[in-house]
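Read the structure below first, then the notes.
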Amino acid sequence: MGEFSKQLEQVAVLLARAGEGAAEQGGILSGENPVHYSAADPFRLWVIQVVIIIGFTQILALGLGKIRQPRVIAEVIGGVLLGPTAMGRIPHFSSTIFPDAAMPLLSLTSTIGLILFLFLVGLEIDTRMIKRNVKASFTVSVAGLLVPLGLGAALGVGVYNEFIDKSVNFGHFLLFTAVAIGITAFPVLCRILTELKLLDTQVGVVVLSAGVGNDVIGWILLALTVALVNSSAGLTALWVLLVCAGYCIFLLYPVRWGFVWLARRTGSLEQGAPTTFMMTVTLLVVFISAFFTDIIGVHAIFGGFLAGLIVPHDNGFAISLVEKIEDLVSILFLPLYFTLSGLRTNLGLLNDGKAWGYTILICVVAFSSKFFSCGLAALAFGFNWREAGAIGSLMSCKGLVELIVLNIGLQAGVLNAKTFSMFVVHALILTFITTPLTLLFYPSKYRSISGAPPKADRSDTEGKGQAEGKSPHPDSDDLMSRFALVLEKVEELPAAMTLSQLLQPNVNSSTPTLVESTTSATQIAEVLATAEGGATPSTPPPQPPRRITVDAIRLMELTHRASAVFRSQEAEALMYNDPVISVYRAFGQLNQLAVSASLSIVSYDDFADVISEHVVNSDTEMLLIPWSRGPTTLLTPPDAPLSPSAAAQSTSEMPGSYGGGRQGRSNPFDGVFHKTTTLDQTDSVVHSEFIRSVFLRCPCDVALFVERGTAVSARSLAPGQRLFLPFFGGPDDRLALKFLVQLCTREGVEARVVYVRKGDLEGGDSRDSEVEGKEGALSPPMSPAMNHLTVAAADTVYGAYNTQTRLSSDTADNLLWEKYTNVEQVSTLPPHARAALSRMSFTAETTPKPLHRVTELVEAEATRVSEAGGRTLVVLAGRSRRMAVESLAAELREIMSPPTQAGAGARMGSSVPKTLGDVGAALVARHLEASLLVVQAASVSSAD
């Protein structure tokens, strides 16, 4: 009878005993102790065991995860601590929490989870990987099996003579020891390769391909060992192996064909996700397969493993299947199984030098046999010593599979408690050193990408010249044409499309646009007429189209889930099937944008580094980050009209809302009944930290588009777009002004620029005198572009300005302002710049409270745009967390905390001004219906 069947029989006995007497119905109210095990109600103690096990493993995983250690180490160490090695030494702890009578139910639960986990392991094995660099992979795989198997058998002779009872079959023990030394943990290997970003390198391709073959052969040898141990005679073992081989053929061919046909018939393959019926069939196949391999004398986990091999990987079907069961397996079931391994491990039995000497010998033989054999095989195929060292280190990984092998050996009686503990220690040590050794031999600067198809593709030939730094337009010295766009979520597509559409200039449009008659615009039009030698033209002459290239950086988070690892392995195929990339590509074709795409699956903490590396490699001029609006739930029907007073009250009393008073009133019970308002995206602390990390690390200009305003409105169909820029000065504001001129080269886009100076209205412009009088309030001078880490997250802090830097910045501000407003200088600008300036107005204001004045101007501008039926106003602002810009933090605090206006105060975290700057934070605090475009200039782009 198989191990799984024995566990079922033990549980049935326990249930039969439970039926002999009824449990006390009063529970703890009747004085019953829930920790006391009762066969009538084993659920109570089972829950206590599960909570303790998951709690221990989660705490240990948090700490070990910081040093890039696999989760299995935390699970086993947690079991060791809960077992006789540590917690078991507390009087009555083991007999109370883990009594022998309660172990069958815990073992059955863990075995069910192990069957499902081996099903996921089978899913991970894609035979198509073997075809990649097949010669080197085959050689590494064979060398990594033959040498360890031979040395493992030789090691087994000494271990058998010293520690094993002679009643155990000598041949069975040698075969088992050889398998334990020679097997490689493929699931842990996949996770390490993914976390270290090695999947697309030559080393990753060879290791993954060799690991597949090594893992499959290892499982076959283990099945042979189990069959020999469980059979009473050699002829019986032969029959077991023949039946097992026949079942494998039956499952991998007829059953697989039927499974694929059924997946197509139900539409699961076409949709890329299993239907409920298909999911039911899959689970039945898994457990029936496990049951069959168990009753023929092979462990039940082999049935689960074989069932995973028949699942097709087409169209993301396997990934979707894994997503439906992986959390339950990895969070609940697997910790139970590996904690049981730790409970069976008693390091106290290793109480003499001989035991520890053999433990060290096992570690040395297991590591050296894999490391040198695989490393030398890699050297023979032309890999350098660093790559060969990384391949040898990775192939020596043990992890999950090794522990499964050891538990099978303990259950079969091949191992005793002492040798089991010795092999568990060796598995932990080898798994622990895999990641550090790989990083030591193969750091990122020495890595080479494999010859697989590239992840980025250019959809046009013109992009090649632009990628080399060549401008397609002779007069585009002030215009940017190479942009990179971050796409993390599908919700960011509307914001990304809105911003991308503004980048494309000279779009023919016969529809009317918003026009504001100003003195500056009239003067610029006269200059254009003078430059052309004729009358004032109604529109500037058409210019040759300027080609804009946008490189979409699709980011997916790499988590500890198996589905994330699957995605990283199939990133090349996913890039062509990902809906976010597909939608944005279609948008680019419709709007004549040359769109390229790349996909990266990395941990969330590495997003900023991946973006920074990408913009350097692609020679990007500006990085665009869309920030979509928060989720919206309407408290009142969308068509229900609100009175002006009610709308005003709704807007003022809900700090998280924006968009024109459609949300209705909020009360303390809204959250209980799931009636919520629109959430402001700037409230997201996690995403704010990510954006600040990008601002900190990105070497090029960065533009953050914060989409705000009305979520759904007919105004979005309006042809014109109105922009507004409050110009304070400094490198970020200068970049904002230049970028604004570029955006206005698109027909239908108009802008207003206000030069805001801080000063006393009665005494004239006292800006300089105020700065000199407040030098004591400024921060001490620092070197430019320092990286400052706050408690919350990474932040960008620049040196405080002094007199020299202030004069330099003021000079640059005035020169740029004169360039765009002086009549004589405008006439010397290229045609595209004169065309843009004809749709822009420039004014200057002096005010003692610049932020208050800016919010008033934006509110008035947004009102005019709304009354004219235009699109949501877009406000450009420099992030201005740089030197040469006077701090407006004190006035911002005043805006956020009005003195007596009840309900008008802004509940805004400290991360908002750190992310958006003072101007952007003030507009958010006022809940103005305007989107924000916050820009930060590259640190090398300006002298100040």
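Every residue number used here counts from 1 along the chain in the order it is shown.
Using N, Cα and C of the backbone, Cβ positions are placed for all residues, glycine too.
TrEMBL lists 455-478 (among others) with the feature compositional bias 'Basic and acidic residues'.
Annotation comment: TrEMBL describes 636-652 as compositional bias 'Low complexity'.
For 763-775 (among others), the entry in TrEMBL reads compositional bias 'Basic and acidic residues'.
What TrEMBL records for 60-436 is domain 'Cation/H+ exchanger transmembrane'.
According to TrEMBL, the region 'Disordered' annotation covers 451-478 (among others).
What TrEMBL lists as region 'Disordered' is 636-661 (among others).
Among the features that TrEMBL reports, region 'Disordered' is placed at 763-784 (among others).
Feature annotation from TrEMBL assigns transmembrane segment to 43-65 (among others).
Marked as transmembrane segment by TrEMBL: 72-90 (among others).
Positions annotated as transmembrane segment by TrEMBL: 102-125 (among others).
The transmembrane segment annotation in TrEMBL covers 137-160 (among others).
As annotated by TrEMBL, transmembrane segment applies to 172-193 (among others). Cβ atoms under 8 Å from those of the transmembrane segment (172-193) belong to residues 70, 72, 120-121, 124-125, 144-145, 148-153, 155-157, 159-160, 164, 199, 204, 207-208, 211-212, 214-215, 218, 221-222, 224-225, 228-229, 362, 365-366, 369-370, 394-402, 405-406, 409, 414-415, 423, 431, 434-435, 438, 560, 562, 565, 569 of the same chain, restricted to positions at least 6 beyond its ends.
According to TrEMBL, the transmembrane segment annotation covers 205-229 (among others). With a cut-off of 8 Å between Cβ atoms, the residues of this chain six or more beyond the transmembrane segment (205-229) that come close are 121, 125-127, 129-134, 136-138, 140-141, 144-145, 149, 169, 171-172, 175-176, 178-179, 182-184, 186, 189-190, 193, 198-199, 237, 240-241, 244, 297-299, 302, 305, 374, 378, 383, 390-391, 394-395, 401, 405, 408, 412-414, 450, 452, 569.
Under the heading transmembrane segment, TrEMBL lists 235-255 (among others).
What TrEMBL lists as transmembrane segment is 276-305 (among others).
Non-local neighbours of the transmembrane segment (325-343) in the same chain are 50, 53-54, 56-57, 71-72, 75-84, 98, 106-107, 109-114, 116-117, 120, 400, 403, 406-407, 424, 560-563; each lies 6+ residues outside the stretch with a CB under 8 Å from one of its CB atoms. Summarising the annotation, TrEMBL assigns transmembrane segment to 325-343 (among others).
By the Cβ criterion (under 8 Å, sequence separation of 6 or more), the transmembrane segment (72-90) is not in contact with the transmembrane segment (355-383), since fewer than 3 such pairs are found. The stretches the transmembrane segment (422-442) and the transmembrane segment (355-383) meet in space: the count of Cβ pairs below 8 angstroms, excluding pairs fewer than 6 apart in sequence, reaches at least three.
Counting only same-chain residues 6+ beyond the ends of the transmembrane segment (43-65), those with a CB under 8 A from a CB of the stretch are 34-37, 71, 73-75, 77-79, 81-82, 97-99, 102, 105-106, 109, 331-332, 335-336, 339. Counting Cβ pairs under 8 Å that are 6 or more residues apart, the transmembrane segment (355-383) and the transmembrane segment (235-255) reach fewer than 3 and are not in contact.
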